[in-house]
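Here TrEMBL flags Glu339 as active site, proton acceptor. The Zn(2+) binding site annotation in TrEMBL covers His338, His342, Glu361. The annotation domain 'Aminopeptidase N-like N-terminal' is assigned in TrEMBL to 47-232. Summarising the annotation, TrEMBL assigns domain 'Peptidase M1 membrane alanine aminopeptidase' to 267-472. Residues or ranges marked as domain 'ERAP1-like C-terminal' by TrEMBL: 579-892.
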Amino acid sequence: SYNICSFFLSSSSPHPDRIQLPRNMIENTTNGKRFPWAKNRLPSNVVPLHYDLILQPNLTTTEFAGSVQITVNVIQVTWNIILHSSGLNITKATLTSAGWNQAKPVEVLEYPVHDQIAVVAPDALLVGQNYTLSIDYSSNLSDTYYGFYKVSYKDEHAEKRWLAATQFEPLAARSAFPCFDEPAFKATFLIKIKRDEQHSTLSNMPKNVTIPVAAGIVQDEFSMSLKMSTYLVAFIVANLKNISKETNRTLVSIYAMPQKLGQVEHALDTAVKLLEFYQKYFHIEYPLQKLDLVAIPDFQAGAMENWGLITFRETTLLYDDKTSSAMDKKLVTAVIAHELAHQWFGNLVTMEWWNDLWLNEGFATFMEYIAMERTFPELQTDEEFLKLRFKTMMKDSLNASRPISSAVQSSEQIEEMFDTVASLLLMLKKYIKHDSFQAGIENYLHNHSYGSTRSDDLWDSMNEVTILDILSLGFCMIECLCVLQITNGTLDVKKLMKTWILQKGFPLVTVKRKGKSLYVQQERFLRSVESENWTSDASYLWHIPLSYTTSNCSSFLCPYAYLLDQKSATIELQEEVKWVKFNVDMNGYYIVHYAEDDWNTLINLLRTDPIALSTKDRAHLINNIFSLVGIGKVSLLKAFHLLDYLENENHTAPISQALFQLNLIYDLVEKRGMQNLAARVLLGSKIDQQTWTDNGTLSEREFRSTVLAFACSHHLGNCGTTATELFKEWKASNGTKSLPTDVMKTVFTAGAKTDDGWEFLLSMYTSSVSEAEKHKMLEALASTEDVRKLIWLMQTSLEGDLIRAQELSHIIATVSQSLPGHLLAWDFVKENWEKLIRKFHLGSFAIQNIVTVSTFQFSTEAHLLEVKTFFESKSEKISQLRCVKEAIETIQLNIKWMERNLAALQQWL
């Protein structure tokens, strides 16, 4: 637990840290002495002000030496300075004060269980005084993706080289230098790096000077940083090339391997435009002189927002005109938008502790979509945001979910926190009006710049600017009077949003229409494995900004709004209507269920007049009805009946959502020998209409890519034949013939079905310098049904030489989708579990993903028992991982789904 012990001090106890505690409450250190602190979190009696850090990594021996001088200020008298250190060999430690004649040696106690060290002072450290703690140490560069780690790569001459880079979020700065490794302990940093002359270095701040220090060795010294958290510190030692552009006195640079410098132009243009947008939107200038975006050749995450030195996986920063698709372009733009938003949300203003990580991630995700919508409207990112909301709802509807703001301590718990906040922020923005929302954000950033915050700080900032004005409320119009939470003449945002932040899950709103009356009722939406008569926990109550439209709605008045802050309410319409549709454009974070007659009316509306509803509303109805099938509220046949309108659908969002839902079902029933589900989807004419080109708007291109990928994977129409012919032509040209980028993956997948095609694709993969192209090739290679090839791919990626280990979770996900591969993937995970958690560390996104994708298609009691037994046999820590709980719950839900719907599915087929 968080509070391991409490210190009860009597008034006669002069020295708090020297108080005698019960023997079982303080653990022994590595040298057998008692450690003077028993909590996981650091004490607040000493705070860091500044770090002078010198590092010397050796890329030949893969070791590094370091020395750090930490200036600290004493808040409360103490004899100990408690800070973090992990895996560091400390060789010398001294303490200096202005009142002392010279530095004094100090004893260092190590407590590895909490990654903590205690520096035992020779004299009492006095309140208000500054002291300088100096520590010399050494360690090895990590062979994981965490901390200060090494990366091998091939240079432009195909020679193997090494670089060193950092990934400190959440708790790994302590493995590179002793520090106060909690986000609230902000300080300034002066970093110096000693290196071989042939290498170059980057850090958060611009380089000031380079001086020779020994034969062949130089030292780079960087400017002093702004006040920031340790997890945002970064440095890289490598041989990279860059292109740069200045905007508003900030030099923006994109760094990559020399042979890939031709793929960075799009990233540079995008970063400059987005940086300019954010500065105008927040009315706060980016505070650093430079902003570097660096493509790392082996990188576990998508990107990391280190202040002034953002690191990326190559696929999320590099864009190649010849091999990158429309969706690749959207991905690169989105990741850059996300990481640049972090320069304000996370870097300038940081959450006080990881339980409020959503203050960083939720806002960065939300602003990513706002920035793209404003800066790159042609990318049509609103549909991507819709998909994100659908995806997060799937996880949030599990019993294993937890509140957005949750108590966390360990690295595993921190990294398992995913956020639904972007969806909630959209709902709030639509409710209170964009100008008020934007002003609230500005207020928050201005009030807390260079500081640390809790969730209440955000809502307080919102409340300061949210003045009640019915006519200006985002979607609240004349038809209804919104029931508002009002405190002293303002909308109480804090009261509203706490119902979403502090309780897990989200609501199901049931609508029953009778004449001019709409009866609405809320309960928790939960995909429960309990019996059919299970009822929602009555304690759950959200304050839901409902939105709705009707058959009689004019564009001036619509949509209408109503704040449902009770279990149920009645909304009175001015007149009777033919139909009503709630959660307009799915701007609210809730699922809607209708009475039988109203479902039938909406299904008929889709068939006769689909454009009466927006594209997003049509996608939302598809998502809602299949979600309700999952909890037994609606029959599967009714959901399929709704899909009958798809032959008249020409937009990506509804088609994508329909195919996503059908693929979920197909993945289950395929393993039961029912492989003709896809043929029942009415897409025949749409498949035939698609051209194998990159022509059209981005939406049309995505539509083509989605439909053809589905058609080829399910052997519909002439898709497979066309794809195979295109692959043969490409192969005959030895890979020089240009393929349409939007269908390239589908063509590669068709070609990989033969031994000859697979081997050729593998050879092209090893020689390609386009990460976008390699990504498509790898997915095609992992789509083969040859069991030996699948095993080889997974094993080779785990080894990380020919195929990088960063690709492994994606390979396992692709392998697990096929009938021969889904059992192989799970067997591979079981057999290599210890290697996997050593390489990716427990709780990392890679491990979460691997656990999920290797188990989510199981739907039998035998597999449920096997998965539970495997994880329980490891350790309590592993069995209690959230991703493990979610995996087990998903299998239980799959079993329940099959019991409930298999007969109906066979009837439909």
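Cβ atoms here come from the backbone N, Cα and C positions, even for glycine.
Because TrEMBL annotations are produced automatically, they should be read as predictions rather than curated entries.
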Rounded inter-Cα distance in Å - Glu361 (Zn(2+) binding site), the residue listed as 'active site, proton acceptor': 10
Among Glu339, Glu361 [recorded positions], residue with fewest other Cβ within 10 Å: Glu361
Near-site residues: Zn(2+), ref His338, His342, Glu361, CB cutoff 8 A to centroid: Glu305, Glu339, Ala341, Phe345, Gly346, Asn360, Phe363, Ala364, Thr365, Glu368
Cβ neighbours of His342 (Zn(2+) binding site) where a neighbour is any other Cβ within 10 Å: 23
Same chain, 6+ residues apart, C-beta under 8 Å of the C-beta of His338 (Zn(2+) binding site), given in sequence order: Ala303, Ala364, Thr365, Met367, Glu368
